[in-house]
């Protein structure tokens, strides 16, 4: 394959007279560096710059050395060593820093050199080229103007097949280790590209007959069954569920890991695949199954596996959303509040890496919107700092939702929900223009129906708080309802305020029926008796925190005043 003519500029720009440099591109002379970059942007012939060649050769050597060391250790029946750990650390630095910097400088909106072009530089190393293509296609999806072509979508799928076949179909453990961040990104991107293709194939209006025929004749490419098969195979190969079961009970997971699960590559891919299955089932609208795949992961306990922040944030986002759609509002609020507090306290750590910050910041905003919805439908106390953030962001919208404005509910849901998809290949002979929106519209209808059922509850709650006893007929009159309609709404109130709530145990599906409503009532003949069940707010903790903040501010001001 060759670049389209207008993409030659992506590789352009090698000045044969400039300082060749090593893979980090610095000469030490700012003027020379700037001139080099300008020449790089202006020239348009197909030559791989020396700086990129050096980087790719260094990248290949690091991966190749790691594989050689891993082969040696597998032959010696050793799981890992300090040498392997050091090589993984070097690859992590290349992956998170060097690759990102080079991309930003030379391939910001254009593709990297194709694998076929760089193959001679790396001795046609098949494993390295698979890893390189994983990064190459991911960059096209994320940054290249116009996104991937149909051909590139297919090629990326085949490359993932090659990668997973290498890992899963070897006679023994594959001689490879990769940083946890990269392993998570592989699973995350694999599902994202499946999601992207599922939506792409439904939009046929601007596609040529040739493209539609190509899609029609290849129904198994990015098929939901193949994606599920990969994720389940990685889970089974790693024996991760059994490892987690033993780990949460206080045992040694290594004792049940098996031949493959002892190795970090398989263990972490297995764990990340569980989160991938959570995400995939959520995108398909199967919320019970989404949470069930995590039955051996204890969300409320810090795990040895939660080393990748994006994985942790993604897990909580999809678990919280699944709880919301299952009408387990109290659990959804707890999950969202916990992860938002975690993000709030560790935000500075993410800001060091732009691409991580963008992803986490987006899900942070979405979870604030989902929390606003959940708290409107099921009012309860949350952490003070999260509550303040929520009031700043969505105070007005929450007031409108409390008044029963369905438009605000729909707006926040549309903004914060996942991009739902249909697992079914469309009928290409009869695809209407909005076919790709049908999965979303179906989930929106389910959500809107639930909102509609609760439309009167906020008003009823506010009236109930005003009285301790009241004739049913009189209170019905205040609400412009007949006595029968009001009794139905009271029954709805009782039903909707009773939630299945997780209390203990590992499985997130476990729980007991509870009510955290601030008011409760019972009806005796024609009288309604109301009790305020609100727990008194502990103001002491709030004032202590404010005093500590004031003292810290006072100390800072004194230090500033002492400066000459």
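Glycine is treated like the rest: Cβ placed from N, Cα and C.
Taken verbatim from Swiss-Prot:
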{"type": "DOMAIN", "residues": "331-537", "note": "domain 'PCI'"}
{"type": "MOD_RES", "residues": "2", "note": "N-acetylserine"}
{"type": "MOD_RES", "residues": "465", "note": "N6-acetyllysine"}
{"type": "MOD_RES", "residues": "549", "note": "N6-acetyllysine"}
Rounded Cα separation (Å) that holds between residue 465 (N6-acetyllysine) and residue 549 (N6-acetyllysine): 35
Other CB atoms within 10 A, centred on residue 549 (N6-acetyllysine): 10
Cβ neighbour count within 10 Å of residue 465 (N6-acetyllysine): 12
For the domain 'PCI' (331-537), the mean pLDDT of the predicted model: 82
